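Undergrad: Input: one structure, supplied below.
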Amino acid sequence: MADDQGRGRRRPLNEDDSSTSRGSGDGPRVKVFRGSSSGDPRADPRIEASRERRALEEAPRREGGPTERKPWGDQYDYLNTRPAELVSKKGTDGVPVMLQTNFFRLKTKPEWRIVHYHVEFEPSIENPRVRMGVLSNHANLLGSGYLFDGLQLFTTRKFEQEITVLSGKSKLDIEYKISIKFVGFISCAEPRFLQVLNLILRRSMKGLNLELVGRNLFDPRAKIEIREFKMELWPGYETSIRQHEKDILLGTEITHKVMRTETIYDIMRRCSHNPARHQDEVRVNVLDLIVLTDYNNRTYRINDVDFGQTPKSTFSCKGRDISFVEYYLTKYNIRIRDHNQPLLISKNRDKALKTNASELVVLIPELCRVTGLNAEMRSNFQLMRAMSSYTRMNPKQRTDRLRAFNHRLQNTPESVKVLRDWNMELDKNVTEVQGRIIGQQNIVFHNGKVPAGENADWQRHFRDQRMLTTPSDGLDRWAVIAPQRNSHELRTLLDSLYRAASGMGLRIRSPQEFIIYDDRTGTYVRAMDDCVRSDPKLILCLVPNDNAERYSSIKKRGYVDRAVPTQVVTLKTTKNRSLMSIATKIAIQLNCKLGYTPWMIELPLSGLMTIGFDIAKSTRDRKRAYGALIASMDLQQNSTYFSTVTECSAFDVLANTLWPMIAKALRQYQHEHRKLPSRIVFYRDGVSSGSLKQLFEFEVKDIIEKLKTEYARVQLSPPQLAYIVVTRSMNTRFFLNGQNPPPGTIVDDVITLPERYDFYLVSQQVRQGTVSPTSYNVLYSSMGLSPEKMQKLTYKMCHLYYNWSGTTRVPAVCQYAKKLATLVGTNLHSIPQNALEKKFYYL
């Protein structure tokens, strides 16, 4: 498809009193679609309501399931959880530093109230843009700054009458009666006030000539072409205005949109030409893809392919039948090349949400550009490296881009006028905040403790330190499975493993070897069945490559059908120059899978259980999901963990099955210590955007009540509880003099939210790009810990992930929960054996 075809010039909207006048930029739509080339008389081109109305109506709506990204801290999810007795949530411990952020302060806070009106037209006008045009005749009356989405009007001017009646004419000289009904005031304290501010910002950004793709703005004129992979990167911005601790701040993050230059038509042509297989193969490769139509800069999800219709098919438009070929030529000056290609069907999700009506959008394959990356592309190292060279910006590059955006916004006349009309002015400098750097934590080994280091990486200390706990008789009964042709590589791996483990205090004896003569999945599984007859403590499989089917089968046999920890090592690993370093990591994993602990941190609290919880969707059935809970068993006493998994609905965001998992962890703790924990810190990951209120009402309160009941049964007071929501996917960034802040950096002021007990923590070092802080929102706490102790405890918990000898972005229990939930949802698709609950089998 030539570029000029896909980017046909837009024509001005024409007004029409019929329902077909809604056509403005989407393809033709049908309410009931039938596979007939003669056309459906009910089909007509339409346009939805403006994006400004959708922003107001849908801002609080949850999307994307349990692990959706939460860009600016749940933008419209307002829940006041800051304890009344908490005078200050700022800590004092640590070295103070001045940090720069990706926020800009709103210098002149508007001192006005926004007036909300509802507008009706008589006779009725279906097309929102026509409504906007008719009302714009009274711009002077409405005031210099007003927002109108075709139905709702927002302005700073209050009319004297409750209902103000005006008249106006359209471009076709049709006169309309306009009724403007007063709804109410929106004060600065209301969440809707911030929504309006965001709409004002979006309106001001129109002057930057950016394209709206999805919900963010991108600059196609600054696109970066990666021609060898038929791909473009569009730079853009994610923005949000919100009331922070003291000021209203504009958060700005640099983002990129992956735009593939290939179309759905190109993908279809690559599919099998065998008539018996072609349609099925097309559907496998096309369904659920997100596409962009350049003629209206809209994105759609492909829900079906209709092989019964072609661009020659007709539909009813403005009282006559018209083919798709003629429609696109007349509407967009686009000539469709292949008149025999099938049509694509996309459900109009926004329309369905508002009206519960089923409306479908009809699309032409050769006009649909594919967006995003598929699994094959993500596994292409060269492609990902080429992309990251543009998208992975260091702190200086990022701050330069932020300042350039601010300068562009404040020097574009159209943008400046919008902000001035609303009496708004942005600071030209990024917002600064004083943070603190917590001191290095001590890592406790069997024979001593060492500081974690400035970069929070203690890999080198394994040269002279023994792991904290190891089996007294070592790894004495285990098995390996390897192809006969790789016997030499197996010897190399085992020799390196013996040496690495010995230096860390883990004695590994020679395994029972099961040599196989091919590398088929079934051969490995049958060899595992032979292995288990000798009751091994662990099975190691040497495999030729990263075959997903083989890996899943090995894990399922070990964890679902049996209860034997498995370790899968690829042949490529044995040929790595850093084999001894890799062997050290494998030895640590083997020790963990046996149920032992490589290291610990100094923990001042006794009787403490830390819990991590996360959810992962099943890759086999997207309606199903698996929740994983990891709980520590008093790390001051025995440094062990407990894990449990349950199946739940992918839409069960509030995890109604959570309490039984907590109860199992409590029983295990009681079994090991002959008492229940006196303190519980629950780190809740996997919370979807907009669900904090539901989470607090139905999950937190439920846990509190059930803990009271559980402890009352043994005549104990309920434990001290802290419930903390962990958000790892944030757009918030901060920098230290053009560099990444070091691990242990805390921010608990200025950019935090006044209604929350929250803080940001940078807990890990990154070698490339810009570090992303993690947000912690304390929804509930009866712990009695000061803010700095809560922050320090959280940082300590980031030192205990045993797959990596360094800190992690989130507390280890969260990382373990994510790892386990992903393993079950991706590979096992069944609940693992209970006998594995005390072992790190999921590492």
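For all residues, glycine too, the Cβ spot is worked out from N, Cα and C.
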Undergrad: Looking at symmetric dimethylarginine as annotated by Swiss-Prot, pick the matching residue from Arg7, Arg69.
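TA: Checked Swiss-Prot: the symmetric dimethylarginine annotation sits on Arg7.
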Undergrad: Out of Arg10, Arg22, report back the residue that Swiss-Prot marks as symmetric dimethylarginine.
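TA: Record lookup in Swiss-Prot returns symmetric dimethylarginine for Arg10.
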Undergrad: For Leu843 (Mg(2+) binding site), which of the three DSSP-derived states applies: helix, strand, or coil?
TA: coil
Undergrad: Within 10 Å of Asp685 (active site), Cα to Cα, which of the recorded positions Gln589, Asp614, Leu843 are there?
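TA: The recorded positions passing the 10 Å Cα test are Asp614.
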Undergrad: Secondary structure at Gln589 (Mg(2+) binding site) (DSSP, helix/strand/coil)?
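TA: Gln589 (Mg(2+) binding site) sits in a helix per DSSP.
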Undergrad: Around Leu843 (Mg(2+) binding site), which residues of its chain at least 6 apart sit with Cβ under 8 Å of its Cβ?
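TA: Within the chain, Leu843 (Mg(2+) binding site) has Cβ neighbours under 8 Å at Gln589, Cys592, Lys593, Tyr802, Asn803, Lys819.
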Undergrad: Where's the emptiest Cβ shell within 10 Å among the recorded positions Gln589, Asp614, Asp685?
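TA: Relative to the other recorded positions in Gln589, Asp614, Asp685, Gln589 has the fewest Cβ atoms within 10 Å.
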